[in-house]
C-alpha cells in the first residue's frame, strides 16, 4: 500500500492564492500518488531557483573587491610623472626606434653626447594625405628620372672645327677612333680669350667641356668610351693657356681647303687592322704646331713605311690637291711599338720643337704583352727535350767530381726520375707542346716579378738550364748577362762541388712535395775567375698542369 502523508494546514490569510504555488508546482493529488523517493526529488527541484534568460550578474561588494586585490600581485609604481608621448621624434630616436620627447635637444641625445645633431625627424607623408600641388610635384619627379635615363646622347660639333670638315668628313667605321676626338691635335681657330682676372682654371666654353661622345670605340661600356674620348682630347689639344699671357696665335694650315680626299683626312680615315693610332703629347704641345708633328712622324717611319709611302714628300705642306699621295703618310705605329710612343716621343729636326733628341735606332724595347704571347705560340712548335740536360749533367759530373760525389748525385736522380718518366708516359705530343707554351708564359710573369725585387734571383728548369737572371745576380757573381742567357748555361756550373751535391739531394726530396714551401740551404757560388761567394740559398719548385716539376726559382743573399 502507498503511504499517504498528511500535510498540516497553513494559514494563507496574507498570501494571495496565485503566489501560493509556482506555475510549475505539482498538484497535491498528483503528489499524493507518488512514492516517497519521487516526492523528495520533486521537493529538491522546487527548492532550486528557476532558470531564466534575463538573469543578472550579481554586483560586486566591497568584500569581493578586497579579495580580488589580495589575490592579484601589486604593480610596481613608476618613479616620477608618466612620460608624455612626443608629437615628432628627433632623427636619431626615429632611426633607432626609441622613445623621444618634445624638447630639442631631447634628453636621450643629451645623454648620448650628440645634442648638437638633434634635429626633427623626417616623416614621409602618405599619398592620400598629400595636397594637389604635392602630388603634381611627386609625379613630376618620377617622370624626370626615367626620361634622363632614356634620353639619347646628342653629338655636337666642336667649336674649333671648320664647317668644311664637319660636313664632308665620313663617319668612321666601328674599329676606328673618332675623327672629331683625335683628328684635331691643334685647334684651327684661335680659342676665345680668357680674362686675366678670372679665378676658374678653365673657361666655360672650353672644348674640353663640350666633348663629342663617340660610341665607335671598341669598349663594352659608355663610361670607358667617354673616358677614352676625354683622354684622346687631352692628347689632341694643347694645355689651357695661362691667364696672364695673351692667347696663342692660330697655326696656319695649307693654303687649299680640306676636302674629302685630302691626305690629312685620309690619314685618319684609313686604319689598317694591325696598327693603332698613337698621338704624342710632346709633339702636340710644341710651338711649331701640328705640321711639325706630321714631319716628325713621317721621318720616324721612313724605315718601316711601305714603298708607296716613301714616294711621298716628307714635308706635310706639300699635301695639296695637285700633288696628293695615293696612300696616307706613315702616321701610325704597329701594335708592338704603340705602347711606348707616349713614353718616348718621336724626334724631330725642327729647332722650335720641345721633343727629346733620341736617335731613331735607339728606342728602348717596350713590347706589348700580346705580342709576347703571339710570339710564344709561333715559336713553340715542338716539346722541350729534357734528356739533353741530363746527358750534359752526367758528362759534367765525370769531368769535375769525384766518385763518391757522383754516386750521391746519381742516387738523388734515381729518386725522382722514375716518377717523372711515369707522369710523362701518358702525355701526347700536343700535351708536351702545351706544357712548353705554359712554361714560356709563366716566364713572362716571373720576369715581371723579378724586375720588382732587388734580390739576386735566377729561374731555371728542372734539368738546371738557366731561363731568367736578375741583374742583381750578375752583380753578385760578376757573371755577365750574355754569358748566362746568351748560351746554354746550367745553374750547377756556378756552384761549388759540395753545393751541387746538396742541391740535387734537396731537389730529389722536395720535387713532388708542397710547392708553397721553400728549401733553405747554404750555397757557395763561383765567380768566372773561380773565386767563391758564400751565400744563403733558398729555392721553390713550381709544377705544371700535369704535376711535373717545371720551374725552379732560386734566390741568394751573400754572407758578408
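Cβ atoms are placed via backbone N, Cα and C, with glycine included.
When the ranges 270-300, 301-331, 363-393 are checked against Swiss-Prot, the one recorded as region 'Disordered' is 301-331. Of the listed segments 90-118, 119-147, 206-234, Swiss-Prot assigns DNA-binding region to 90-118. Per-residue pLDDT, averaged across the domain 'PAS' (442-515), gives 91.
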